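Input: a single structure, listed below in structure tokens.
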Amino acid sequence: MLTTSKQGTMPPRFTNPADLQNAERLCRQILRIEPAQRDAWHLLGIVAHNQGRNSEGVDAIRHAIALPAANPTALNNEPAAQQTLDRAVKLYRGALEQDPSSAAVYYELGREQLKAGQCQEAICSLEHALAIRGDWTEAQEALAEASLKTGHAEQPVDLLQTANQHYQLGRTHFSQQRFQLADQSFAAALQIDPNHQAAWHDRGAVFLNQGKMDEARRHFDKTLALNPQHADALCNLGLIHLLDNELEIALDYCRRSVKINPQHANTRNILGNVLRGQGKLGEAVAEFQCAIQLNPAFTEAHNNLALSYQTQGRIEEAVAHYRQAAEVRTDCAATHSNLLLSLFYVPENDREAHFREHEKWAAVHGRCSQIEHYENSRDPDRKLRIGYVSPDFRAHPVGTFIEPILKLHQAADYEITCYSNVTSPDEATARFESLVDRWRVTNWQNDDDLAATIVADGIDILIDLAGHTAGNRLGLFARKPAPVQMTYLGYGGTTGLDTVDYRLTDAVADPAGEPVSHTEQLIRLQHGLLCFQPPTAAPLVAEAPLLRNGWITFGSFNNPAKINAKTVELWADVLKNVPTARFLLKYPTFNDSETADYYRELFARHGIAPSRLDIRGGKLPFDEHLAVYGEIDIMLDSLPYTGSTTTCESLWMGVPVLTLCGGSFVQRISASILTQLNMPELITATATEFVSRATQLAAATEDLSRIRQAIREEMRVSPLCDADGYTRELETVYRRAWQRWCHHNRQSPQ
């Protein structure tokens, strides 16, 4: 016969599904013989609850309660099944009337009160439980947690006598992101028990969150030495190697982790990120979908699935999953930023609604304490301290465009600090660091700490180079750590923050007189949006390929996120007008067969045979990449988001770029570049004009050859490549902004 002790023994905990099945079978056998056996009903309820059948669990435990001389422990478990605090308290009080010496009832009551945030009541209940059973580890740990939440941190430490108690306190600290205290607790656990697997692993997780990768790796390796089948340790080692861009090693760790625990959503998510990093987008999508199936509320998986769809050019699906992710986690600023960026790629994007979405981001994620008093000297003409903040001080378009400016700032008048949020530094990162007065690595600092660093550095003007792109620090800019703040270069629109004073643009991308869709004051640069640094490794301009091929080759090297169905339809209309022409699409992600097939299908919908398409993936050395421009006669721009880096590279390699200028900043980037080159004939205003101009260019073969040989020299002497003039104009903008601030803040700092 099943029995429970009079001391209120805790109900059994099951870790093996077979144990649950055996227990259920035994209970039902007993109840067939003795239908009023209250312990069997009680255990049957626990089994049902452990199997997720909560309603059946409640019914079984209620049946046990209804029997004469009801088992007080049965009363303990009904609230765990139905999770209703008021009902739980009522049941626990009833249980205590029947057995006031039940430590288990006091413990369960304390746990329910703790869940509800009633920490003082929980402490009272748990102290009663420990007065009855002083050696009860779980009750000690719960009391430690409750005391910690009330601010009495010294009390729980005195209670901790075992490694597991220290470990559980560490878990509490970790869940509240108090990583230093968590580290101390896990270290204390390991001092008592050097073979405590969970403490080794979770201390590694602390180091991982602090960016201390070597220490994290050492702790995960030790975890595996103790237990080679530790799926979480394998997963986290995979994550570390992913962050180090060691993708093959990361893939091996993640595969091993999935083999041990295929139902772990986070491992599936990290595996998806590894596969996406390898360009295996179809496989990555499958892993993210699996993670979402395992955990439908998994924000990161929705976000990563959206990013994969975006990389494949499936922008509508991307936007849908970004929205889902943002709805699941309304507090996740990065996910909301990803949604804002993705909307720029949507052909029929509502500009006004998009602006309101930026304002919503600021209202939700930009509400924080702002720095109101600055110690900066109000001298309007003194040497200024300029800070640039970016995750892209690396081989990246933003890095390419900011590098000549960093080189040419006048040291006598400007002290430059770069706040680098780069996660995977490269050779370019080291080069940028050598160009500036001060270099700070910031990606492991939270916004408050980084704001304090910037204040201590005495930065006068802080410039955001990322906007809402990946790795941005707009939460930092919301805190206003510098008297003057600007945004520039990295993003196609407003930050939405009223703490960012200025956005740098030009008269083509943001013409005067348009409806306001920005929170910043616009400063229009005469030199245009971009400062292009001609690549030293560029091959000579090749002759027009039509001369050797006998046909025109159109092309695009733009990111597939910019190449939506409407863009393909426009290009297909051009190909129909020039029936002998071919089209070359090149981008690293076209290595993924699903992505390449998707674009073949898009062209086929408009009657363009696959034989007219040359779709290439993979990543080439930079000089070889530039050489491929020599295979293109005319570049066709994307819409609504035009090229920028690819437009500049194409023109430098002598290839004309035909663009369709639209109604927003991102639709006018190429037009801005072409305006600086005085090439208005390559700027069109309608789809009809675009197709007509492309057809005319394709027919004017002699003009194409002439234009091709002339573009590079025209570009070399244009404002686009005038790095010195561009930097001087920027410095003038900085100086005037500083003088305005000084004028409005004349009182000296106290």
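Cβ atoms are placed via backbone N, Cα and C, with glycine included.
Just so you know, TrEMBL annotations never went through curation; they're auto-generated.
Since the structure is predicted, the reported quantities are computational estimates derived from the model, not experimental observations.
Under the heading domain 'O-GlcNAc transferase C-terminal', TrEMBL lists 371-527 (among others).
Across the residues of the domain 'O-GlcNAc transferase C-terminal' (549-730), the predicted structure has a mean pLDDT of 97. Sequence annotations record features per position, and here TrEMBL assigns domain 'O-GlcNAc transferase C-terminal' to 549-730 (among others).
The repeat 'TPR' annotation in TrEMBL covers 163-196 (among others).
Residues 163, 166-167, 170-171, 174, 177, 179, 182-183, 186-187, 189-190, 236-237, 239-240, 243-244, 260, 443-444 of the same chain sit 6 or more residues outside the repeat 'TPR' (197-230) yet have a Cβ under 8 Å from a Cβ within it. Residues or ranges marked as repeat 'TPR' by TrEMBL: 197-230 (among others).
Annotation source TrEMBL lists repeat 'TPR' at 231-264 (among others). Residues 201, 204-205, 208, 213, 216-217, 220-221, 223-224, 270-271, 273-275, 277-278, 294, 423-424 of the same chain lie 6 or more positions beyond the ends of the repeat 'TPR' (231-264) yet place their CB under 8 Å from a CB of it.
What TrEMBL lists as repeat 'TPR' is 265-298 (among others). Within the same chain, residues 231, 235, 238-239, 242, 245, 247, 250-251, 254-255, 257-258, 304-305, 307-309, 311-312, 328, 588-589, 591-595, 617 sit at least 6 positions outside the repeat 'TPR' (265-298) and bring their C-beta atoms closer than 8 Å to a C-beta of that stretch.
If you look up TrEMBL, you'll see 299-332 (among others) marked as repeat 'TPR'.
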